[in-house]
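> Okay, these came from TrEMBL:
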| type | residues | note |
| --- | --- | --- |
| BINDING | Cys78, Cys83 | Zn(2+) binding site |
Amino acid sequence: LKQVFNKDKTFRPKRKFEPGTQRFELHKRAQASLNSGVDLKAAVQLPSGEDQNDWVAVHVVDFFNRINLIYGTICEFCTERTCPVMSGGPRYEYRWQDDLKYKKPTALPAPQYMNLLMDWIEVQINNEDIFPTSVGKCKEDVL
């Protein structure tokens, strides 16, 4: 298990919601509904009286954290040697483009692609203009 949770490899710590805040309460509600075996469609419905952008933001962050944990458990089996291409089966190849270092779609080994992707998502989630930490400050046109 130490390899899976090695912060220097691929695991990234979960983004925390401050206890006592409305976002924390929404997070607790989302966790409870996802762990109770309820219908997922009902689990993601906007609770009455809650801001839609805040609710979406909580689910995006939770989804990112869960994907990060799953990826952390399998990343040691996919190396640049064993996974030289990021693909979705034999018919689909994913190429990385970020307009910074990779200005054109570039074929990369799967682990490198995934690390760039997870870093990019983390930057988006930590961007206060997209995911503000203060409740009710989400820009309506962003989410």
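Just so it is clear, glycine is given a Cβ too, placed from its N, Cα and C backbone atoms.
Just so you know, TrEMBL annotations never went through curation; they're auto-generated.
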> Measure the Cβ-based neighbour count of Cys78 (Zn(2+) binding site), defined as the other Cβ atoms within 10 Å of its Cβ.
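There are 15 such Cβ atoms around Cys78 (Zn(2+) binding site).
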> To see if you understand the setup: which same-chain residues, six or more apart in sequence, place their Cβ under 8 Å from that of Cys83 (Zn(2+) binding site)?
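Listed in sequence order: Pro109, Ala110, Pro111.
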